[in-house]
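**Q** Take a look at what Swiss-Prot says about it:
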BINDING   77, 79, 81  Mg(2+) binding site
BINDING   78, 95, 102  Zn(2+) binding site
């Protein structure tokens, strides 16, 4: 029997881009990377677990902030080289900047304009964890 993880086209570093979307609204919340272990754990634990390239280890989304992403559905694109996680974003904040989405800037007239508010000060989110913003 073929392993479902073998169907994924991992990049040269053994990673695949993972896009998290709100399962109700479809809004793109963030993009991160997953290795084979992260994706397998995400599927088995029904929560988003990524691979932190800067830390070189698994990153359980929400382990420091409390902003866990509960998995509702996992999708693979037609080229098998990108996954989408349809998630429930606990606390409504996906971005380390304290915003709902990491995609909070819009290109307008030759510049990037911030269009989404900070819902919670990042220092208040990470004050107890000594977090390095990823």
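Including glycine, each Cβ sits where the backbone N, Cα and C put it.
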**Q** For the C-alpha pair, I'd like the distance in angstrom between residue 95 (Zn(2+) binding site) and residue 81 (Mg(2+) binding site), rounded off.
**A** 23
**Q** Starting from the Mg(2+) site formed by 77, 79, 81, give every other residue of that chain whose CB sits within 8 Å of the mean position of their CB atoms, in sequence order.
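**A** Surrounding the site, in chain order, are 9, 76, 78, 80, 82.
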**Q** Do you know which of the binding-site residues 95, 102 has the most other C-beta atoms within 10 angstroms of its C-beta?
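**A** It comes out as 95.
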**Q** Taking the Cβ of residue 81 (Mg(2+) binding site) as the centre, count every other Cβ atom within 10 Å, in any protein chain shown.
**A** 13
**Q** May I ask for the distance between residue 77 (Mg(2+) binding site) and residue 102 (Zn(2+) binding site), taken between their Cα atoms and rounded to an integer number of Å?
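**A** For residue 77 (Mg(2+) binding site) versus residue 102 (Zn(2+) binding site), the Cα atoms are 21 Å apart.
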